[in-house]
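As recorded in Swiss-Prot:
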BINDING   19-28, 110, 137-138, 214, 252, 362  substrate binding site
ACT_SITE  174  active site
ACT_SITE  250  active site
ACT_SITE  368  active site, nucleophile
């Protein structure tokens, strides 16, 4: 039976804007109040996803969330018609309206943690949506995320869906952005690496000072239990709090793994050598640990270029390639390092650059835009086929974007009732294109 890693990319929503909501995310905050281009953002994402499908990768798309989120605004006391709710929120709390209008669900690396059937004790593919409690604008996502995942991975013979963890900082969970699965072959049992920023129970552990540590050890352990992962299939690593304070808000900004490759910055982790030894032992050797020294790429350059927020993919010939943002090309130190990397004795033999600037300016690179799902051909056959990228879906979604999306959006536009109507009309049509059923609040 064939096994592979599929990527499910987040389709950028119609309200993509730059509100600077993500404290600790340097790009998000530094581009606050700029005018965005939702149409370009969506097309950049589609182009990247289609390119991977054309390289022979299994590629799907995840639908965006309903925004502005009128349901949440009503929960906090705004009343009347939908237009009244938007108007009241804009006057009383512009920041709250911005949070409820964020298109942040595009970064599906935060949508959920996924464990393949080869790793779990019950032989099922497990999904747990991330609760994202650290950021208001993202904490309103997990219920709809769960609905969308269930509409795509529906067959209970193969797929197990869990509720997101309790909505409390004790269980702060940021999903796959702090999780990477290592294996020798996608169909073999692997080792799942959970990276956390702090421990709630063990206050003797170091923690960042300037920016929040969004992922707790306790959340990572809970997800591993839900997914029925044994101790010899898991490794827990603490992210270096110093790099969190330098803008590394998720581990996928400072490290990325694929199969038997872990690509990471010298400063990424605490107790690095001991933890790499644990990984090597549980993987039974034959690992490539590619450490990028600070002398070649500073943490600042890594964050600015998103060198590690890249995708490492395995091509049909067995070689690996890096999918990088064009920002890596534009940074001299990073570009020089990547040119050197493909000549070294590692499986990584090529780098492909993509323009995802609309996402980058909000603090999300190629890796943020995708959720990885390792699966076999039987499981893939049970996936909703209408979300899988091919020539027809690419053309259909581009037409859909052209029909429904604006080419400029400012934070002032978020209170426009017409934007809400445009967004709902678009999403209603999208659920028909993708055969998702009624996954949104407004459809019920």
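In case you wondered, yes, glycine gets a Cβ from its N, Cα and C as well.
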Of the recorded positions listed as 110, 138, 250, 368, the one whose CA lies nearest the CA of residue 174 (active site): 110
Whole-number Å value for how far residue 252 (substrate binding site) lies from residue 368 (active site, nucleophile) (Cα to Cα): 8
Residue 110 (substrate binding site): tally of other CB atoms within 10 A of its CB: 30
Residue 138 (substrate binding site) to residue 250 (active site) - Cα separation in whole Å: 14
Other CB atoms within 10 A, centred on residue 252 (substrate binding site): 29
Integer Cα-Cα distance in angstrom, residue 250 (active site) to residue 110 (substrate binding site): 9
Cβ atoms near residue 19 (substrate binding site) (within 10 Å, other residues, all chains): 26
Helix, strand or coil at residue 138 (substrate binding site) [DSSP, three-state]: helix
Helix, strand or coil at residue 110 (substrate binding site) [DSSP, three-state]: helix
